[in-house]
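For Thr64, Asp139, Glu164, Lys194, Asp198, the entry in Swiss-Prot reads substrate binding site. Here Swiss-Prot flags 165-167, Asn199, 228-233, Glu251, Asn286, 307-309, Asn352 as NAD(+) binding site, drawing on sequence analysis.
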Amino acid sequence: MENDMETATMTQDYHIANINLADWGRKEIEIAETEMPGLMALRKKYKNAKPLKGARIAGCIHMTIQTAVLIETLMLLGAEVRWSSCNIFSTQDHAAAALAQKGIPIFAWKGETEEEYWRCIASTLEGPKGWTPNLLLDDGGDLTAHTLQKHPELCQNIRGVSEETTTGVHRLYRMLKEGSLKFPAINVNDSVTKSKFDNLYGCRESLIDSIKRATDVMIAGKRVVVCGYGDVGKGCAQSLRAYGATVYITEIDPICALQAAMEGYRVVTMDEMADSADIFVTATGNTDIITHEHMLKMKDQAIVCNIGHFDNEIDIASLQDYQWMNIKPQVDQVIFPDGKRLMVLAQGRLVNLGCATGHPSFVMSNSFTNQVLAQIELWQYPEKYPIGVYVLPKHLDEEVARLHLERVGAKLTTLTEKQADYIGVDPEGPFKSEHYRY
């Protein structure tokens, strides 16, 4: 496979696993388009205006079928793109092949090494004939950090970055505080139609899908610990309970802990549950959540996985000297000196993309419609965005939701003038204040 990829690199402006998967990828892209009404509506609305004409976007998001629909939407709106994946295991090779076959510069394949991962990101920042980006589209912050640290000369021409996920947003705010952020950023993650849909409903479906594909384990009757009760943790806990698991939550935030308790979950500590739970899921965006000491206490055949962005929530490094037995791609048994076995999924990286195909197309349409609108905002209205971290305005958040209602058979009630005046809003919205918590 590696030889095939190197040959492709020398002859084409892409680096993927297998171009022969392109037809399969194209069929799945066409199916996904029917489930992504937000992106298709933007194509229809802007196909003639081309609001991204002149934009050169370097993108770093999981190279999935749904991302392919996003990329082709950006291009139909006038942009040029170069793309890599933000995770070494998350690429769907048939999706990458379908885009590469159309001449789109894609640098991603499932199972990259760390070195190859960073080489792919670097490839998105430099193209033929002096091509460099003037916009970034990121997931997790690696592309942004790499640009700032390794290519500071590019920053003066970059109008901004739109960031997809919680982890990347945390990094942006840290960069802003430290003074190292050199261009504006739009925090797509905190759009309501992203965090309350992708993070919650997406994880509610994709976590179970990945655990089932990886292990074939019966969820019902199992004791499962979900570490973190933010939107991602909430979605995971809901699906696990729906399948019949007894769910325990660990939390640092008293508000989230109280929410979990009021939903009927037991709020516990890892130290308390390490020796008795069957499945452990980390969903915190933090580091050292499951330590080596915790794993020493776990029982034989316990399953350990992560649905946070990076691989540092579980101390995988501490297991490297033990015997690893690969069961199938991204599923390993780690055998401890005493003979105990732990099932480690996706080497502690994003389990829903390492062991399955990620979130369904419909919920990703929400997220990616926000991404397109953020890119248009940064490109069309740079004067509105000095260096800082912003969220999309409320009226655009509501518009994203509106574009998806028909697909689920939902009909809106329309305010009368009297009703709108009574609560002090425009009949067309926005309907909630900026600080409203959905």
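Just so it is clear, glycine is given a Cβ too, placed from its N, Cα and C backbone atoms.
Remember, predicted model here, so these are calculated numbers, not experimental data.
The most crowded of the binding-site residues listed here (Thr64, Thr165, Thr167) is Thr165, judged by how many other CB atoms sit within 10 Å of its own CB. As a whole number, the greatest separation of Cα atoms within the substrate-binding residue list Thr64, Asp139, Glu164, Lys194, Asp198 is 17 Å. Fewest Cβ neighbours within 10 Å among the binding-site residues Asp139, Glu164, Asp198, Glu251: that distinction goes to Glu251. His309 (NAD(+) binding site) sits 9 Å from Asp139 (substrate binding site), taking the CA atoms of both as reference points.
Rounded to a whole number, the distance between the Cα atoms of Asp139 (substrate binding site) and Gly228 (NAD(+) binding site) is 20 Å. Most buried of the binding-site residues Gly228, Gly230, judged by other Cβ atoms within 10 Å, is Gly228.
The binding-site residues examined here are Lys194, His309; by Cβ neighbour count within 10 Å, the least packed of them is His309. Counting only residues at least six positions away in the same chain, the Cβ atoms of Thr166, Asn199, Leu200, Cys203, Ala283, Ile307, Gly308 sit under 8 Å from the Cβ of Val232 (NAD(+) binding site). A sphere of 10 angstroms centred on the C-beta of Ile307 (NAD(+) binding site) encloses 30 other C-beta atoms.
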